[in-house]
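Per TrEMBL, the feature domain 'DUF4131' maps to 18-135. If you look up TrEMBL, you'll see 182-426 marked as domain 'ComEC/Rec2-related protein'. Per TrEMBL, the feature transmembrane segment maps to 202-224, 236-255, 275-296, 303-322, 342-365, 377-399, 405-430.
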Amino acid sequence: MDQYDKTQNFHYRLSWIYLWSRPWRFFTISPDVFGLAYIGLYRYHQKPAHLPYNRQITLEGTIIREVDREPDAQKIILRTIKFDKPTNIYIKTGRYPEFEFGDLLQISGKLEKPKAFDGFNWPAILEKDGVYAILINPPKIERIEQNRGNVFISRLYRLRQKFEKSLNRSFPEPNAALTAGIILGVKRNIPNNLMDNLNKTGLTHVVAVSGYNVTIIVTILVGLGISRTIRRRFQILTGFIIFFVLLTGASASVVRGGTVAWLSIWARANSRIAWTLPLLLATILLMILHNPLILIHDIGFQLSTAAFAGLLFIAPKIHTMIRIRFDVGANGHSPLRFIPKSILSPAIETISASIPTIPLTMFYFHRFSTVFILTNLLVLWTIPIIMALGFMAGVGGMINPTLGIILAQPCIVVENYLLWVVVVFGNWGFASIDI
């Protein structure tokens with residue numbers, strides 16, 4: 001069964017479950033669902049017919065993504081028109097000379113077909129981004145021309161790089177790596193033991209910029225009541241989403257998550273709660289139309305969709321249950337009467353958003369965190385604070401390094417609390433169960 005058949009089969013099963021719960025929906029939505037899915041699948045089935053794998057080749061192409069720099073390597077996505085169709089190629093080369101988005105390169109090396117390893121379906125992940133071949137440490141790589149990419153995107157990437165360097169100067173480790181992870185989604189400098197503890201405690205998402213991350217942060221900001229007026233709150237959250245998307249480099253996963261998050265707060269601000277589900281479904285379908293492979297290969301897309309499903313269907317039920325079961329009533333006594341609404345509401349919605357993601361995290365990461373609800377409740381409130389304080393420190397450091405160090409101190413205090421929670425629960429023997 002090829003990738004086309006697998007995707008079609010997966011989509012068919014999801015549609016069947018959806019229609020089985022409400023049979024009448026078949027006549028209202030299924031033609032659109034199958035029509036859009038078919039068009040998108042057909043489009044992505046048109047990959048290059050022949051690629052010269054395991055052969056020495058020379059090609060030219062333009063860097064179309066921000067270069068991922070590691071201490072000893074650079075990872076590049078290059079778009080070339082050498083073959084029968086425009087093709088993206090993954091390239092891993094040395095740390096120097098440094099290459100940038102928009103550079104036109106000439107490369108000679110052995111073209112290889114990506115392979116899965118250690119249970120990780122790397123070819124599928126690359127195919128989602130239109131990548132069907134790789135070049136590892138090509139012997140010849142030369143820059144022919146610069147600045148061939150979109151000017152706005154290029155400046156955005158450069159600003160992001162300066163901001164990350166400022167964070168590295170302003171914070172000690174591992175705080176610098178943690179701050180860059182939370183704000184920018186950069187995980188390359190996070191120590192392995194810290195990443196393992198984040199995984200065990202169900203907190204990996206805080207350093208993985210995705211739609212799920214955007215969902216949680218917006219939910220917390222809404223629950224905290226950042227403004228008394230609905231319109232003003234909507235304006236603030238809209239500005240935050242736009243800023244967050246741009247700061248993180250406007251990657252596809254964050255753009256998708258930001259779009260869905262914005263639709264959700266728009267529906268609330270305009271008293272169109274009943275519109276939320278149809279709008280979200282329409283948005284998701286359009287995203288799948290643009291790139292149907294995100295349905296089965298984009299973990300961030302799946303997590304953000306599951307999180308919003310939890311907010312739509314689980315959160316209202318928990319709110320109702322708590323209101324009925326723990327209502328203060330005539331006697332004036334309630335176990336929850338001492339908990340402010342600004343704390344209780346974000347807690348409920350955080351749990352609601354997390355519950356539907358459990359099957360996905362178990363499936364992809366082969367681990368179930370037994371403490372994820374508790375750890376999320378303990379630390380998620382710190383994420384908007386860390387983002388705000390970390391942003392001020394990063395900008396301050398771009399102006400003056402000493403100013404950045406001074407502004408980073410309050411953020412370090414909050415981060416140390418988060419790190420303490422991660423270490424304490426991560427070292428607990430029963431914090432997670434390997435599956």
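A Cβ is built for glycine as well, from the same backbone N, Cα and C atoms used for every other residue.
Counted as Cβ pairs under 8 Å, contacts with the transmembrane segment (405-430) are highest for 377-399 among 275-296, 303-322, 377-399.
Counting residues 6+ beyond its ends, the transmembrane segment (377-399) has Cβ neighbours under 8 Å at 162-164, 166-167, 169-171, 179, 182-183, 203, 206, 216-217, 220-221, 224, 247, 343, 346-347, 350-351, 405-408, 410-411, 414-415, 417-418, 421-422 in the same chain. For the domain 'ComEC/Rec2-related protein' (182-426), the model's average pLDDT works out to 75.
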